[in-house]
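K.L.:
The structure is given below, and queries will be raised subsequently.
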């Protein structure tokens, strides 16, 4: 089994390397995104030193790391699952001797590592030539961040699996998937640190898993919170991971029973 | 009507280096191989002819058809069809042709074929009453009336294929291309389509070009055959000539009730120039060269002399013919 | 004249096909409408939340930024209606539907547009106008009668700029043999054109003005209505940029078609 997953990850690597145009434009796009946000936030801060609990320096590293994190946790398995369902390939996947969902997760993991190291990495490098970023100085800082990032990946992937599973019951839900992507980008803390939101919104979002996807790891990275608090956040992530697992398993069972395949 | 001169199509194909390390290197510099999919192809077709283009997978048939229909631009050479140069005057040229892709659909998947027909009538500017009458005739002859208002995704392959043929003819083109139209169809549907095409060719003088793997398609429809292999045209002539010259003839497999050695068959058939081989103790196969009289003679002789429980007749396949062309005809230089 | 009638006829037919197809799958009318609305409003949330913390962004007020955003929604909606082929690579290149397109007697780009037509995006125009209207009211802007024509012109130009850029990007699929197009990656960049360009450094400003001229769909034309005279020249250049970039898009596309390899065997 272990070999299977390693192989899947390797396949994803190969797939992503195979298309040069995508690769190079991907790096440039990352650089542009990070750079643009840096300036945007610079303009927003204006002369102020502190906003939403973050100083200017912390904000810039927040921006950089938020995008790097996204490079890792982001994946398209919701649309991939949707496509498999629509094309009827999912029936074949069901009779294979592996768990379809774990395989998808492994693929997403491979994709994430690749994007993190080879897209965001060079992208950040490029842009850091122009912009001074602040990265955590301690090993603990990095360690905590990486642990949190791993959880973030799992939670985001679970959300995507869930969305993908809905296709079994809704067929053409690509409108919903598009909206979900935008909503997640906002509520995960990618475009706005959650601390910026008004109090009532923050309370509501406390009940949703999205901020665990980007806000927590990015916050840990910027060093704006204590290690103790960092562990607390990681704890929350672990809880969310377990919580979301439940509907996934339920839906998966329902989906297998109700295999209505479209087309073909 | 169709004039093809020295047609060439080359593709530059990226050779992926093996493994992960190789994939990284490919990011920076790539290796390419140039493949000649179509190599110096020339032929002429008159209006009203019905001919077939055959060859194995990768022989260049699809690439040729795509160039003839204007989808691909040739690397070199000329094509003139109906006075048009397909890839240069595509939008005008295309009004006079119909195309059926065996593997891809012309119809809207979610709607009924009838809806697709309506849209196509508009796209091709098909005249009102004349067009309707023509479409009615198509529907009738292809026998698709009973399901022409069902969504395409609910149709069987055979039903869909017939609707595809109808769709390609809505604007009454003078030239019809069919790219592997009978793949996956059952015998009955194949026959229906073949009959329809034959009729079309006779009554409307429509020029029809067919690519196929199925030799029996050609048997039923075309007199003229073009054989391609590795991008080159290796035969252009009548089907009967093709089979006589390079066919293996027919192979007949007799299953006997009692154990029969091959020699006994040999004795019965005497000096007949046929190859006899023992498949197993009960089964003997006889290869009969192409000829009008030999096959019936062999059949009647063997079956009257022995107690035969089953007879299987296998025609020469395209691969056999192509292989034979290379072996026999020293004038044609195949691959290096 | 015959030709124009024919064009309208075809357009109506494809539109008809669209509706018939949609009705065949009843579930998603509402879903799409809601998700479009959400996507449009999410960006508004960003602006509003940010401005609860600061009064200005480089001398631009919240309502001005909102106005720009409302303005941007209109050409974007127009563009989405007619150039909705986000899945171009997957559908037409990989699945080879381009073959079918090329055997029909209508210009191939026009066919792709017609087949991907998304009339439900027109609601974006309404959303945009409402947001613009709100901001205009808050800012107490004055409009003249000729502003309507300028608005229409700028909106159409904006849609053409988007159309040109995304057509060229889709055409990249003809040259590369990628599994996915690069259009989704570019998607995020278009929002940067909605903020005052002087926020960014020279490099990014250059990209947004001359390479992926999204600034001409957001800030530059909107600046005209906000009466920011320093941007007037840029606003006036919008139609020029539109023609240039749509032209480039078409050129790249047509060139790409000659490189098309067909799908399958």
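Backbone N, Cα and C define each Cβ position, glycine as well.
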K.L.:
Name the residue range among C:180-202, C:203-225 that TrEMBL annotates as transmembrane segment.
P.N.:
C:203-225
K.L.:
Pairs 6 or more apart in sequence, C-beta under 8 angstroms, 3 or more of them: is that satisfied by the transmembrane segment (C:66-88) and the transmembrane segment (C:203-225)?
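P.N.:
Yes, these stretches are in contact.
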K.L.:
Given a Cβ distance threshold of under 8 angstroms, which distant residues of the chain, six or more beyond its ends, lie next to the transmembrane segment (C:203-225)?
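P.N.:
Those are 67-69, 71-72, 75-76, 136, 141, 143, 147, 150-151, 154, 157-158, 161-162, 165, 186, 189-197, 231-232, 234-235, 237-238, 241-242, 245, in sequence order.
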K.L.:
Grab the same-chain neighbours of the transmembrane segment (C:109-137) for me: Cβ-Cβ under 8 Å, and only residues 6 or more beyond its ends, written as numbers and ranges.
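P.N.:
Same-chain residues near the transmembrane segment (C:109-137) but 6 or more away: 10-11, 14-15, 18, 29, 32-33, 36-37, 40-41, 44, 63-64, 66-67, 69-74, 76-78, 80-85, 88, 92, 101, 143, 167, 225, 250, 253-254.
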K.L.:
What parts of the chain pack near the transmembrane segment (C:231-253), using Cβ distances under 8 Å and only residues at least 6 beyond its ends?
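P.N.:
Non-local partners: 109, 153-154, 156-158, 160-161, 163-168, 170-171, 209, 213, 215-216, 219-221, 223-224.
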